[in-house]
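What TrEMBL says about this one:
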- 2-158: domain 'FAD/NAD(P)-binding' (DOMAIN)
- A11, E32, L40, V76, W361, G368, V369, I370: FAD binding site (BINDING)
- H147, G148, N149, V150, R191, R192, E203, G368: NADP(+) binding site (BINDING)
Amino acid sequence: PRLCVVGSGPAGFYTAQHILKHHGGAQVDIYEKLPVPFGLVRFGVAPDHPEVKNVINAFTQTARSERCAYYGNVTVGRDVTVAELRQAYHAVVLSYGAEDNRVLGIPGENLSGVYSARAFVGWYNGLPENRDLNPDLSCETALILGHGNVALDIARILLSPLCLLRKTDITDCSLAALACSKVKRVWLVGRRGPLQVAFTIKELREMINLPGARPVLNPDDFTGLEDAVKDAPRPRKRLTELMIKTALEKPGEKAAAVQAAAPREWRLKFQRSPQEVLPTADGRRARGIRMALTCLEGSGDSAKAIPTGEVEELECGLVLSSIGYRSLPLDPVVPFDTQRGVIPNSSGRVEGVPGLYCSGWVKRGPTGVIITTMNDSFDTAQSVLEDLQVGVLDVSASREGFGAVESILRSRGVRPVSFSDWEKIDAAEVARGKAAGKPREKIVDPQEMLRLIGH
């Protein structure tokens with residue numbers, strides 16, 4: 001069987017890995033629109049979390065398998081259609097993730113100084129489409145809407161001492177911008193309460209222990225919460241206990257002195273829903289945000305935030321909206337649920353289109369960590385393997401695979417990038433990084449990547 005996967009992030013690689021491991025004859029081709037592979041492992045994981053990027057070693061093993069091939073610099077839906085892929089392969093798996101962000105839908109969100117978390121993360125992680133973001137960091141107060149890990153990542157990058165960031169693979173231009181940053185206060189604002197935050201204890205602990213930045217949590221937000229979490233699942237209980245401890249316990253003399261001397265601070269604000277980004281007098285820039293105060297209906301993860309009618313205004317010159325990523329439809333022949341932002345499927349089998357599958361965020365929505373995506377991709381791969389076994393996928397008719405796609409791409413003037421091409425780009429990035437005392441210096445311009453490999 002000849003199979004192909006669209007997207008080379010964790011979902012794509014884990015799907016390919018599982019199929020290759022459990023089917024001794026399958027050939028899997030991976031298509032990627034950028035010249036470089038690994039999706040959010042390269043462009044989403046925070047630069048100061050290098051251990052999370054270790055999965056790249058396993059993905060590299062998969063890509064080097066003689067039954068696997070990588071074709072970068074190929075945009076499916078433009079350079080080659082899904083229908084053309086379905087003609088060339090016995091099965092096609094869509095694993096292209098969530099390449100857009102959810103919008104706030106409030107007045108003022110297009111003002112200068114307002115950015116999506118996705119674009120900001122892409123900027124400091126070297127995602128080509130965000131390389132010219134040039135965010136204005138000349139204000140003292142930044143406000144992040146959202147209480148997930150991405151929100152904490154951004155807060156940490158904004159407040160981290162430069163000496164820590166210099167040792168990471170953060171891009172050169174964002175390092176230069178952060179060196180001139182005036183931001184010294186970051187507010188993390190959520191619609192719901194402390195019991196509904198989506199970040200994990202590891203990320204919270206890193207924020208609390210961040211050198212030179214003190215946490216400011218309002219004790220009133222946490223009073224009486226000990227009882228509320230008694231019977232909560234262990235991760236939620238431990239996370240809430242850490243927030244309670246940080247908010248209510250007086251630090252020892254030494255810790256108090258260190259905190260008092262910290263030049264920067266961050267705080268969590270709860271039960272506030274953004275209503276409007278407020279403009280400066282000339283109407284061009286953000287100067288603050290109007291929040292509706294909310295009360296919670298229901299409890300636990302299903303609690304809903306209902307506006308109380310009260311409002312408050314917070315002053316800030318930088319607004320980052322971290323309320324989630326969003327998948328986009330890829331090709332008119334693929335069904336897409338615009339409401340939920342996913343491809344309708346059952347265990348990864350795309351509804352009504354035999355031989356078409358999906359895995360990762362485009363299958364289940366943009367939630368969870370790499371391990372969640374791994375399990376989800378194995379589940380889709382299992383569906384493909386079952387369909388091969390029971391004959392739902394007819395492999396008696398031979399398919400040309402990349403042979404057919406190559407001539408289509410050539411006729412359209414598209415030159416794919418191979419995995420060994422990527423390894424040349426990788427080596428160049430590592431060499432540039434070494435010169436600067438970093439693990440790598442990412443190349444952010446796709447044209448420069450292509451020049452480097454003689455395309």
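The backbone N, Cα and C atoms fix where each Cβ goes, and this holds for glycine too.
Curation plays no part in TrEMBL annotations; they are all automatic predictions.
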For NADP(+), whose listed binding residues are H147, G148, N149, V150, R191, R192, E203, G368, the greatest C-alpha pairwise distance in Å: 20
The one of G148, G368 whose CB sees the fewest other CB atoms within 10 Å, among these binding-site residues: G368
Neighbour count (Cβ, 10 Å) for L40 (FAD binding site): 22
Those binding-site residues of H147, G148, N149, R191, E203 having Cα within 10 angstroms of L40 (FAD binding site): none
By Cα-Cα distance, the member of binding-site residues H147, V150, E203 nearest W361 (FAD binding site): V150
Entry from the binding-site residues list E32, E203 having the most other CB atoms no farther than 10 A: E32
Euclidean distance between Cα atoms of G368 (FAD binding site) and E203 (NADP(+) binding site), Å: 14
Max pairwise CA distance, angstrom, over record-listed FAD binders A11, E32, L40, V76, W361, G368, V369, I370: 25
Those binding-site residues, out of A11, E32, V76, G368, V369, I370, that come within 10 angstroms of H147 (NADP(+) binding site) at the Cα: none
Length of the line joining the Cα atoms of V369 (FAD binding site) and R191 (NADP(+) binding site), in Å: 22
Binding-site residues listed as A11, V76, V150, I370, least Cβ neighbours within 10 Å: I370
Residue among binding-site residues A11, E32, G368 with Cα closest to the Cα of R191 (NADP(+) binding site): G368
Mean per-residue pLDDT computed across the domain 'FAD/NAD(P)-binding' (2-158): 97
Proximal residue to V76 (FAD binding site) among binding-site residues G148, N149, V150, R192 (C-alpha distance): V150
Cβ contacts of N149 (NADP(+) binding site) (under 8 Å, same chain, 6 or more positions away): A198, F199, T200, E203, V369
